[in-house]
Amino acid sequence: MKYSDLRDFISQLQQMGELKRINVPVSPYLEMTEICDRTLRAAGPALLFEQPTGQKIPVLGNLFGTPHRVALGMGATDVSELRKIGHVLAMLKEPEPPKGFKDIMGLGSLVKSIWDMAPKELRGAPCHDIVWEGNDVDLARLPIQHCWPGDIAPLITWGLVITKGPHKKRQNLGIYRQQVIGRNKVIMRWLAQRGGALDFREHSIVNRGQPYPIAVALGADPATILGAVTPVPDSLSEYQFAGLLRGSRTELVKALGSELRVPASAEIVLEGHIYPDESHPSGYEHALEGPYGDHTGYYNEQDSFPVFTIDRITMRRDPIYHSTYTGKPPDEPAVLGVALNEVFIPLLQKQFSEILDFYLPPEGCSYRMAVVQMKKAYPGHAKRVMFGVWSFLRQFMYTKFIVVVDEDVNIRDWKEVIWAITTRVDPIRDTTLVDNTPIDYLDFASPVSGLGSKMGIDATNKWPGETDREWGRTITMTDEVKKRVDQIWQELGI
């Protein structure tokens, strides 16, 4: 699916019956969350709330509420096509030596396609049609959702945060939630291992005492948003990747108050800085964030994060505010995980050819549990795969549980996975525990915030060297009998 910006994407979704306009007044305070949650659980359409209570700007919700719409956002027509994207990323991440002239030509064509998708910088852009500065900057003028009864304040959820480290050649794009704490202030909740936090940390060391510029794009086109949550190789910018998905170069414009480049077609852009504050150990302004209901289905504990002061807000004429909520699965992050799972598979297989399939169950809060199907070749092989998954992509840094099974187990069928665990696992021999590893700050089950343990479960058939006992043989009916019963089944009248 090809589109130019978020508005074009919305228009095409509506024509396909994948978006519904809501003309009834609906409050951003709790009501939108309940409506979007019910719609997502029913695999319903994206929703455009045209009359948010007390606001003039419409709200777009449930945009990525089905894997199919995620695929459409990534320029595909079906979820199955996402593996092609994974193959492209795998080639870029770990290119093998070309095997012949055809491979050389194919690789050259891919490189040219990526080069042709280098971002295009504009002198003016729709996102600068309207500019709020000074006292006009007031977040209360935006229909920011208050998602759950126990949330401390309204929360910006789909903001595309744009940062740049002092020694980095390109910008980083990330999705980080932002708590509203004032007319022009939000708390930027980014984990220490994420790109935005790393950029800021580098700035605070190299340029301590100087304000750190940030831009937040709300309502960027889907390819750019999804590029920020996809394992794009370091050699490729998210803007280039978005252009590759979209089939057209990503158009950027220089922010009005910094050297950062923002998506030209973004609906709303927040520009500002994290300002120095020598009273804080970091040397920069911080505040206590939370609690908020999150993708685990619980309210998280409070913690300190940097304060982003918004100096100006720019927007398109008649802007659209893109929002979401996070809660007990399924929610949009869980749906994204299901779709991006297809992108991850070729990447993993490129590095570990023994991996046959890979699955992130949506009930596992997007990434906390993974099930791997492998072609086992030697004793201890499953353990190697576990550590490979944990270390290969940053997306799996926080995966707490990995279950590894043989090729005869359908990893997308929990009945088969549970059967493999209960019949092929000895709890002492086949579980691997690793302590003091990075864990999501939102994971309150870990003993220390941001640091906890991981478990690997080897549910494969055991080889000599792993057991001294005669291993069980699975029960299967002969093909001849199955064929015979198929032939007489209708006559049996069962």
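Just so you know, the numbers here start at 1 and follow the chain as drawn.
Here the Cβ of each residue, glycine as well, is placed from N, Cα and C on the backbone.
Features reported for this protein in Swiss-Prot:
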BINDING   ASN172, GLU238  Mn(2+) binding site
BINDING   ILE175, TYR176, ARG177, ARG189, TRP190, LEU191, ARG194, GLY195  prenylated FMN binding site
ACT_SITE  ASP294  active site, proton donor
Which of TYR176, TRP190, all binding-site residues, has a Cβ with the fewest other Cβ atoms inside 10 Å: TRP190
Three-class DSSP secondary structure - ARG177 (prenylated FMN binding site): coil
Largest separation between Cα atoms (Å) of residues that the record links to prenylated FMN, namely ILE175, TYR176, ARG177, ARG189, TRP190, LEU191, ARG194, GLY195: 14
DSSP state at GLU238 (Mn(2+) binding site), helix/strand/coil: helix
10 Å Cα neighbourhood of GLY195 (prenylated FMN binding site): matching recorded positions from ASN172, GLU238, ASP294: ASN172
Proximal residue to ARG189 (prenylated FMN binding site) among recorded positions ASN172, GLU238, ASP294 (C-alpha distance): ASP294
Cα distance (Å, whole number) from ARG177 (prenylated FMN binding site) to the residue listed as 'active site, proton donor': 10
Beyond the site residues ILE175, TYR176, ARG177, ARG189, TRP190, LEU191, ARG194, GLY195: chain residues whose C-beta lies within 8 Å of the centroid, for prenylated FMN: VAL161, GLY174, MET188, GLY196, ALA197
Separation of alpha carbons, ASN172 (Mn(2+) binding site) and TRP190 (prenylated FMN binding site) (Å): 13
Between ARG177 (prenylated FMN binding site) and GLU238 (Mn(2+) binding site), the C-alpha gap once rounded to whole angstrom: 19
ASN172 (Mn(2+) binding site) - helix vs strand vs coil (DSSP): strand
Of the binding-site residues listed as ILE175, TYR176, LEU191, ARG194, the one whose CA lies nearest the CA of GLU238 (Mn(2+) binding site): ILE175
